[in-house]
Amino acid sequence: MMKESKPLFTVGKEKAILMALAPDQRILEKEVLPSLDELAALTETCGGEVVAVVTQLRPAREAAFYLGKGKIDEIKDLGAKLEADILICDDELTGSQMRRLEAMTGLRVLDRTLVILDIFAKRAQSREGKIQVELAQQEYRLSRLTQEEGELSRLGGGIGTRGPGETKLESDRRHIHRRINQLKNDLVSVAEHRERLRAARRRSGSYTVAVVGYTNAGKTTLVNNLCKADLTAANQLFATLDPAARKMNVTSEEIFAVTQDYSCYFAPVLVDTVGFIRRLPHTLINAFHSTLQEATEADILLHVVNAADKEAVRQFEVAEKLLRELGADKIPGIIVLNKVDLITSPEQQEQLAALTALAHHTTEAESSCVEISAKNGEGLSDLRRLILQRCYESRRSVLRRKRV
């Protein structure tokens, strides 16, 4: 039986202070501040309200407290002044760092990974999604207990280091290990079921098109438009966790325009996948392996990019990096520059040009990049033709290999 995950944020708007380190001003402006903007969006998605952002220029984190003590005192005073409830770090913290920061600031302390895990726990609807989220949560907890165990072992076996506390730590670790093993066993059967579905699609001659990209890029809206589906689409981070497969609504005229053959017909299956994000926790990547495998097993990838987002280039690069890590970078792809209807300023036009150049360089084919608005339908006819063309080329390639 699946357990309900306890939310990190209670009902109502809890006030949060965000914090992060940067080694120098250049990294702060180029990387850390955009990452903090994303953390603010994640926090608001959880139901929190960001009341302050604190940064510190420091060559490396302070081992015991993450920040310097002077900055921690500043956060304590700021928290009291703003009546804050939570302190959220943009980096992962150790369990001991969290406890020390809580003791020194009087605030509940979380990190970026915990916030993302909380969103995933709220969004998961299917049995598979709930198993995957709990597995990621348990692995996160286990890593923190292992760190604590390491600290205890460094203290040695002297007075004050033995007894019930250490015994409970070992007991907790064993319990989490058992739960992780159980969840992994549950996932094996779920993964086998997902593989049977993929095999059935292959046997039927269907082409699988995995719709991938950064979170909130408009993937679900695109699938709905291409397939005349009614999947839940929302302007929020990680609205989709459970992959959904829908058959593309295709006319015989569209097929003939590509194949010049009225006897030929096929309808690609589009699979809406979980969105990517920078520094996606490895616990989630591991736990969602069977889900992310939809991308690695696809015939074609549709990489959807929110071209109107000011961080679109960085988001494109993050998604491409994750696809390489998953082993999906060799699959034929179409770069879909979405939300072009929202591009109005000269800066956005420059970014769109940069994205187009980057997409052409990535795919090595000019026709593999298309500008659309999934919301109002702009460019969708070109995208549909390109998808069908890629599927047909894939079919002819398979036939040629069989003849050889």
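From the backbone N, Cα and C atoms, a Cβ is placed for every residue, glycine too.
Straight from TrEMBL, the features:
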type    : residues                                    : note
BINDING : 213-220, 238-242, 272-275, 338-341, 373-375 : GTP binding site
BINDING : Thr220, Thr240                              : Mg(2+) binding site
DOMAIN  : 207-395                                     : domain 'Hflx-type G'
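In the shown protein chains, 30 other C-beta atoms lie within 10 A of the C-beta of Lys219 (GTP binding site). Around the Cβ of Val274 (GTP binding site), the number of neighbouring Cβ atoms within 10 Å comes to 25.
Along the domain 'Hflx-type G' (207-395), the predicted structure has mean pLDDT 87. Just so you know, the Cβ of Asn216 (GTP binding site) picks up 21 other Cβ atoms within 10 Å once every protein chain is counted. Counting in whole angstrom, Gly213 (GTP binding site) lies 11 from Thr220 (Mg(2+) binding site) by their C-alpha atoms. Distance between Cα atoms for Lys339 (GTP binding site) and Thr220 (Mg(2+) binding site): 13 Å, as a whole number. A C-beta separation below 8 Å, combined with a sequence spacing of at least six in one chain, links Asp242 (GTP binding site) to Ala124, Gln125, Ser126, Glu128, Gly129, Thr291. Within its own chain, Ser373 (GTP binding site) has Asn338, Lys339, Val340, Asp341, Gly379 as residues 6 or more apart in sequence whose C-beta sits under 8 angstroms from its own. Of the binding-site residues Gly213, Thr220, Lys339, Gly213 has the largest number of other Cβ atoms within 10 Å of its own Cβ.
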